[in-house]
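Structure first, commentary second.
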Ligand SMILES: [Zn+2]
């Protein structure tokens, strides 16, 4: 409809007379750039704890439309599944990415972004993912649209990028940002700028060794407290003892120790932001003929959470770092001066090391994963009279029966293992794959009402899921740390501390609003698709979240 100049003036006057709230802009229709951010292991608890302290990018983002307690609704809360959900709108049962790794029918350990049939063991790509992403959908609908993804982790970048990305980058120890021809184009136009970025970075590090852990602020320093995690005493100080000596020696750049601490430090998210900013500028993202998609996954919070827990000074320093990194990223995005839509969520939540968590809840306990699995194997060998370990690997949460067992023996192993597991005090529930497969979920069941069995159903794939799932007590930490750098805490369970994550939407002009509704991460892709002006060309599990008139009527 054409409006006369007078009508336009009247409309403008009416708008000006409205209270400020109504002036807040709806989400931009068909923005030129969608930025999808994942903060790895960013639990709703961590977000709530640090929300008042953010001063940079995270402060900007939480002052948009915020679902402080959103859900990765499924039960297998790991990195690869969680990232596969974010831009596909499907639960892991639909994406096929049910875990970081699974055993195939022949008993081969299969990494989620390994490439089937590829002889190069370093090949990485989305071939195991059964669905496409938001970036793929927009590229199909709109010629000229582009999709890029950046992360420290290959599995995060690849599963957010999808099947037809224009550039997919992750960090490789000793190399810097890299890609694989199976993940996306590996032409000089894609690899050249990464090579230049890496060369400049390593030259800078060679000239002056980097300070991987900054000095803690007063607020963070106040959290420094010694603990014994498992059999490993830590001082709780920043920098942590695991970082000591990482930049010593003339050839520190080649040392495994340095490469490890680059990841397990607030430095990693800064590098990820630097690389993403470089990408935005050189590709002039947002200045193409259609909607560009940039996915960025910040891994530092997860690395720090696993190795140092999420309740100490180290995580405090890491939260300041990821806040700054996102702030710089947003500045580069806004400098493009095009309509943008920004979304932030997480692949999964997490919990602190059991010993420190126990100080708060009097409950959390540590499970000696290896000893537990060995006990199960040994007891079943004796009970069933078999001369091999009945289960592959030593993960007592996800049990795969060794394919050497024939059908009859497999059934006996199943029955014996389930009975054995149900007698263990640290185990809360035990579920057989058949039981999980047969579980029904009433349409529209909100994520906070799903039973543990239903959560597991959302992670179930008949070819890839384990034969038996054991649900351990809430906030269990797995493994006994013995030496500096061992894992002290993690995630992966069906419990809410691993499922609840923030979901934030922000665009210039958004009016701040917190929403209590339990939105799901599967809702993100259909929501962003609607904002981009397209309908998902494939079925999705989530639904469009109304951020201000963006959803189809
Ligand atoms: Zn993790």
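For all residues, glycine too, the Cβ spot is worked out from N, Cα and C.
Of the residues 100, 108, 198, TrEMBL puts just one in the substrate site with 153, 154, 155: 100. Apart from the site residues 100, 153, 154, 155, the chain places the Cβ of 79, 80, 83, 111, 112, 113, 156, 158, 159, 170 no farther than 8 Å from the centroid of the site's Cβ atoms, the recorded substrate location.
Among the recorded positions 79, 100, 153, 154, 155, the residues whose Cβ lies under 6 Å from any atom of ligand 1 are, in sequence order, 79. Taking Cβ-Cβ distances under 8 Å and a sequence separation of 6 or more, the neighbours of residue 79 (active site, phosphothreonine intermediate) in its chain are 40, 100, 153, 155, 156, 302, 347, 348. Packing around residue 100 (substrate binding site) is summarised by its Cβ count: 17 other Cβ atoms lie within 10 angstroms of its Cβ, all protein chains included. Non-local contacts of residue 154 (substrate binding site) by the CB criterion (under 8 A, 6+ apart in sequence, same chain) comprise 113, 124, 170, 180, 183.
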